[in-house]
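Visitor: Before I ask anything, here is the structure I am working with.
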Amino acid sequence: MEFSRETRRLALQKMQERDLDLLIIGGGITGAGVALQAAASGLDTGLIEMQDFAQGTSSRSTKLVHGGLRYLKQFDVEVVSDTVSERAVVQQIAPHIPKPDPMLLPVYDEPGSTFSMFRLKVAMDLYDLLAGVSNTPAANKVLTKEEVLKREPDLKQEGLLGGGVYLDFRNNDARLVIENIKRANRDGALIASHVKAEDFLLDDNGKIIGVKARDLLSDQEIIIKAKLVINTTGPWSDEIRQFSHKGQPIHQMRPTKGVHLVVDRQKLPVSQPVYVDTGLNDGRMVFVLPREEKTYFGTTDTDYTGDLEHPQVTQEDVDYLLGVVNNRFPNANVTIDDIESSWAGLRPLLSGNSASDYNGGNSGKVSDDSFDHLVDTVKAYINHEDSREAVEKAIKQVETSTSEKELDPSAVSRGSSFERDENGLFTLAGGKITDYRKMAEGALTGIIQILKEEFGKSFKLINSKTYPVSGGEINPANVDSEIEAYAQLGTLSGLSMDDARYLANLYGSNAPKVFALTRQLTAAEGLSLAETLSLHYAMDYEMALKPTDYFLRRTNHLLFMRDSLDALIDPVINEMAKHFEWSDQERVAQEDDLRRVIADNDLSALKGHQEG
């Protein structure tokens, strides 16, 4: 279904003519998940996003659907259980996006190590049990030092004890957002990017009945009426709530910044994802991950109080991460000049969630008796000497000793909250990408109840565990072969097998729609046929309005295909200018915006400062 600039115009027109059941402010993964479930459940739904979809936070993650193995060190079993369960659901509803990618975790004999070899084995076995992959080909493996080095020969050898391999999943975070958004659009949601909420509309009793917003592309004020409004703006949540609390600061959020750096894989060669202690005795671990022909690594975790729209990578961030990777891969000698791209993102942490870190990890301590009992029970289960029920009982005992006290009953997942202010505004905040569906489900359960109680409207919430996102209509048990079949179809449209396979992986069950564009398109000047199809599909079916939308969020060109990016800039801008009928002034403005983003990402300012 079309999802274009024209779709946006019509959506804004219709939003101003209706009294929506639900208006969503924020088009990251949280808002996208709410929009999908709301529209599919029959609510008259609207969504506005002040930037591009996923631009703020949801495209700036570590790009994993991460199971959180390290939180089993404190036996925070609940968060890991929730995470691996939700990860399995996401794999079911978006099977073309999360892909299994076994993770290597080296263990070193040094102060502050997250795991000993013994604890790693217990944690991995428990993790497999929770993930339902025990006694399958995806089950964990314990590795000797020699086996670790055979897999990753460039790892630091000194102090290396061995390691483990366990199941994890890579993710395309921005694609997950846009596929949720597209499905919501197909189900009738009215959706527009580059529309900023500026204030609430209030009735005589001070209750919210809509939003005053501004179309940032035309600078026109827009009035949108809605029975209920939900704030899903992540780090901006406090700013939205501030509309009704002028002069009264709101500090629900405590954003922290996470930075990732990208280098060529020849500079930092890894054959599989690696998750390793920093070696700085700071209680942190970093990921070193292959993607395309690049390697990226991160992340930092520092409190942030600056510009929420444009968090920057600082020299301190670079020094920290280079120090870690050069310690763990001593022959790499990565310098700032090797960095081809980067990104800085904000984690929307809740300031009151003091017992948990950004992944919901519990900081409570486990008693020796509880730990020993759980270890013995897991061992017995693995040896078929005890039951799963016995393991679950032992887990409950550990949870009791480590759980957060007096958890807010309104929380719909660990590390997240769902609240309603006195003026009627709902705010769904916190959480992590893996939790997005569950968070939306919890929020919609409450919203549907309020719509019935306060407005007399009845809706039945869909079962979102089985409701695929756009592009996700693929058998989750047969993903590779179905993607390959789509790729074969692409070759019949004149694409090379490599290009067809790339597009099939990117678009999933929407790939035939992309290939069908060959009936009306030929390769644009300076672009391959595949690039032309991808660009036009992004403009007409994914509301890509700017070159940065295309290069950074509809595709990963700007992050992981830096070698070929420069040759694509002018042809892509030319094609977009023709498609959107940009003036010369608008074309220059769009190119300037793209060049600024590229300069930020490749750290031109920091590199120039060092040279100076």
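Including glycine, each Cβ sits where the backbone N, Cα and C put it.
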Visitor: When you get a sec, could you say which of 359-378, 399-418, 419-438 is annotated region 'Disordered' by Swiss-Prot?
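Guide: That would be 399-418, per the region 'Disordered' entry in Swiss-Prot.
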Visitor: Between Asp21, Glu49, which of the binding-site residues has the fewest other CB atoms within 10 angstroms in the structure shown?
Guide: Asp21
Visitor: Using the structure shown, find which entry in Gln37, Ser41, Thr45 (the binding-site residues) has the sparsest Cβ neighbourhood within 10 Å.
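Guide: Ser41, out of the binding-site residues Gln37, Ser41, Thr45, has the fewest neighbouring Cβ atoms within 10 Å.
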Visitor: Hey, what's the Cβ neighbour count for Ile25 (FAD binding site) at 10 Å?
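Guide: So the number of other Cβ atoms within 10 Å of Ile25 (FAD binding site) is 27.
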Visitor: Which ones in the same chain are close to Gly33 (FAD binding site), with CB under 8 Å and 6+ residues apart in sequence?
Guide: Asn180, Tyr436, Arg437, Met439, Ala440
Visitor: In sequence order, which same-chain residues at least six apart have a C-beta under 8 angstroms from Ile29 (FAD binding site)?
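Guide: Long-range Cβ contacts: Ala54, Ser58, Asp173, Leu176, Val177, Asn180, Ile433, Tyr436.
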Visitor: Work out the three-state DSSP category of Ser41 (FAD binding site).
Guide: coil
